[in-house]
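What Swiss-Prot says about this one:
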BINDING   Asp14, Glu16, Asp201  Mg(2+) binding site
BINDING   Ser142, Ser143, Lys176  substrate binding site
Amino acid sequence: MTAEKREAKVVLVDIEGTTTSISFVHQVLFPHAKENVEKYLKEYWENEETKQIVEDLQQVPQYADYQATLSAPPAVVDVKVIAGFVRYLIDKDLKVTPMKTLQGLIWACGYASGELKGHVYEDVPDAFRAWQKAGLRIAVYSSGSVDAQKLIFGYSVAGNLLPYLSDHFDTHVGHKQEQQSYVNISNSLREKPQNILFLTDIPGEASAALSAGLQTIILHRPGNGPLSDDQKSNYEVIPDFKSLYSLQLPQK
């Protein structure tokens, strides 16, 4: 089935490499979090939300790996220790839920101050408008926290796009290359899997969604990773959302 002829009730979009350039995430957002994590922790160290994040960070398996990189085990878990661990996770692009939550809080300060603006491709607002007009729901599934998702779309270069979005999912629903995550999303949306179209740039995510019964299309935007010949033949691949402007609800 070609993109132009597809029907769906829900469009489920990934962010990085799909609605938003990978370079924005890796060259703007991640460095901003790295540069500001220590400042943020110092300011909000006694905040209950921060305390919970710090506790959760110490429970993840990667914390032991990080400690092994230190010259000596820290005598106390302080701002510098946790900030160092967060920078370690960012450098290794490890998608750890409490770290993602902390990143979202740091970015919130950056967006509120006007230092950050969420990047979206030019075709994204047009697609959102077309899908909403056609009666489709639009949901987001990203490894970034729900709060971080809302910041990108709420403070985007195209203005506030949140009114177009009905639902947000992050790693609390499961990891993106696991079939069960998409089953959980379908259940949460109260929609049959075959009525959900998932748009992503990662073949492993497309495979997991497909195995759960969702429709899938891979976005191959500028700067995205290369696709093998097998991946190009196994999945529908499109360069942008323009061929999906005409997406409609299933005909009864």
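Every residue gets a Cβ built from N, Cα and C, even glycine.
Known features from Swiss-Prot, placed on the structure.
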| residue | record | DSSP (3 states) |
| --- | --- | --- |
| Asp14 | Mg(2+) binding site | coil |
| Ser142 | substrate binding site | coil |
| Lys176 | substrate binding site | coil |
| Asp201 | Mg(2+) binding site | coil |
Cα-to-Cα gap, Asp14 (Mg(2+) binding site) vs Ser142 (substrate binding site), nearest whole Å: 5
Other same-chain residues whose Cβ falls within 8 Å of the Cβ centroid of Ser142, Ser143, Lys176, the recorded substrate site, in sequence order: Asp14, Ile15, Glu16, Lys95, Tyr141, Gly144, Asp170, Thr171, His175, Glu205
Cα-Cα distance linking Ser142 (substrate binding site) and Asp201 (Mg(2+) binding site), given in Å to the nearest integer: 12
Among Ser142, Ser143, the one of these binding-site residues whose Cβ has the fewest neighbouring Cβ atoms within 10 Å: Ser143
Nonlocal neighbours by CB distance (under 8 Å) for Glu16 (Mg(2+) binding site), same chain, sequence gap 6 or more: Ile22, Val25, Ser142, Ser143, Gly144, Asp201
Asp201 (Mg(2+) binding site): tally of other CB atoms within 10 A of its CB: 22
Other CB atoms, at most 10 A from the CB of Asp14 (Mg(2+) binding site): 23
